[in-house]
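The following features are taken from Swiss-Prot:
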TOPO_DOM  1-11  topological domain 'Cytoplasmic'
TOPO_DOM  33-48  topological domain 'Periplasmic'
TOPO_DOM  70-78  topological domain 'Cytoplasmic'
TOPO_DOM  100-103  topological domain 'Periplasmic'
TOPO_DOM  125-140  topological domain 'Cytoplasmic'
TOPO_DOM  162-167  topological domain 'Periplasmic'
TOPO_DOM  189-216  topological domain 'Cytoplasmic'
TOPO_DOM  238-251  topological domain 'Periplasmic'
TOPO_DOM  273-282  topological domain 'Cytoplasmic'
TOPO_DOM  304-307  topological domain 'Periplasmic'
TOPO_DOM  329-348  topological domain 'Cytoplasmic'
TOPO_DOM  370-373  topological domain 'Periplasmic'
TOPO_DOM  395-410  topological domain 'Cytoplasmic'
TRANSMEM  12-32  transmembrane segment
TRANSMEM  49-69  transmembrane segment
TRANSMEM  79-99  transmembrane segment
TRANSMEM  104-124  transmembrane segment
TRANSMEM  141-161  transmembrane segment
TRANSMEM  168-188  transmembrane segment
TRANSMEM  217-237  transmembrane segment
TRANSMEM  252-272  transmembrane segment
TRANSMEM  283-303  transmembrane segment
TRANSMEM  308-328  transmembrane segment
TRANSMEM  349-369  transmembrane segment
TRANSMEM  374-394  transmembrane segment
Amino acid sequence: MPRFFARHAATLFFPMALILYDFAAYLSTDLIQPGIINVVRDFNADVSLAPAAVSLYLAGGMALQWLLGPLSDRIGRKPVLITGALIFTLACAATMFTTSMTQFLIARAIQGTSICFIATVGYVTVQEAFGQTKGIKLMAIITSIVLIAPIIGPLSGAALMHFVHWKVLFAIIAVMGFISFVGLLLAMPETVKRGAVPFSAKSVLRDFRNVFCNRLFLFGAATISLSYIPMMSWVAVSPVILIDAGGLTTSQFAWTQVPVFGAVIVANAIVARFVKDPTEPRFIWRAVPIQLVGLALLIIGNLLSPHVWLWSVLGTSLYAFGIGLIFPTLFRFTLFSNNLPKGTVSASLNMVILMVMSVSVEIGRWLWFNGGRLPFHLLAVVAGVIVVFTLAGLLNRVRQHQAAELAEEQ
């Protein structure tokens, strides 16, 4: 058994531990959402504080990006990620002992830092520890599994709270976090030489400046962040569109989200199982028409035959499938088609993505309340069309980088 563990630690148990950590982080929001009103009532707090459980979680996710990337470049990926898993576990456990809404929200913000550790350090380690094609396929598998959480989380949470107190849900998540912590401690490989670069404010600022001056990174960050807009704006505003304006029940609304997340899961499964080389430009360009057809359905369908949810869900799901086919490759290209410190590149990319997502959600919300469904969907269409041009720029820069590397080897 010890020999089997040693042989498969990096290739099997490390990805499993990371998936469990990522899955638990998602569940900490999705599992409690159906009972968030119960939380507010237990603490005799104002119901207007309910959305803060999500917004503060996201704020925690943005708080440490600037630090963790450069830090992991200098002291190693492993100590940073296992520290993050431990912090997440303790924050979930502490939630069981909260006695006020303020304490609960502080715990939620600390739990949100898991986004920083996973996205900035965990995903980079996967890409560094495995070859290009295997790394992309493994990330596709991780994404497929983790995206099950937004589908089953609310349904499972609602069912469990018929039998247990909401604090028990955080106990379950804390156990998952602890198991992932132990798994990462025992199985995570170290992909960075520790102490190779000293940690100083000057060197960190220099690294960030170099990243944001790199044109390949800028094209990659623009492509990825703009690609998120159609899905994230829909996920954020769809409750208002479908429940408040459309009259759907909460259970009906929950089922309308399944095709969107399910499309990404199916796309990632196809990449992991059937696509031999997901970095092939021809494969990448074949996914673009699928995205554009989905975006066209958002407008044309609602113009010709308006429906409460059909065209919006169908168009967004088709777009999600198309972009899901190439998302892992876009991340790989942006992170590794340069000679910059990967932790800093990952941190910079995540900061851009979160900023664009936040702004796009607010723009989408404004367009819906001031213009209605068609102006709201036009935001997705505009973002999707711009992505075609930024993707062309990214692939061109990647080709130049690969040609330069070949020339150096010869």
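Note: Cβ is positioned from N, Cα and C throughout, glycine not excepted.
Across all of the topological domain 'Periplasmic' (33-48), the predicted model scores a mean pLDDT of 82. Note on the topological domain 'Cytoplasmic' (329-348): residues 65-73, 77, 119-121, 123-124, 127-128, 132, 135-136, 139, 192, 197, 204, 207-208, 210-212, 214, 216-217, 220-221, 223-224, 227, 278-279, 284, 391, 394-395, 397-398, 401-402 of its chain, located 6 or more positions outside it, place their CB under 8 angstroms from a CB of the stretch. Between the transmembrane segment (308-328) and the stretches 49-69, 168-188, 252-272, it is 252-272 that has the most C-beta pairs under 8 angstroms. Outside the transmembrane segment (374-394), and at least 6 residues removed from its termini, the chain residues within Cβ reach (under 8 Å) are 216, 219-220, 222-223, 226-227, 229-230, 233-234, 237, 241, 284, 288, 291-292, 295-296, 298-299, 302-303, 312, 315-316, 319, 330, 333-334, 360, 363-364, 367-368. Tertiary neighbourhood of the transmembrane segment (49-69): same-chain residues 28-29, 32-33, 36-37, 39-40, 80, 84, 101, 104-105, 108-117, 119-121, 208, 341, 343-348, 350-351, 354, 358, selected by CB-CB distance under 8 Å and a gap of 6+ residues from either end.
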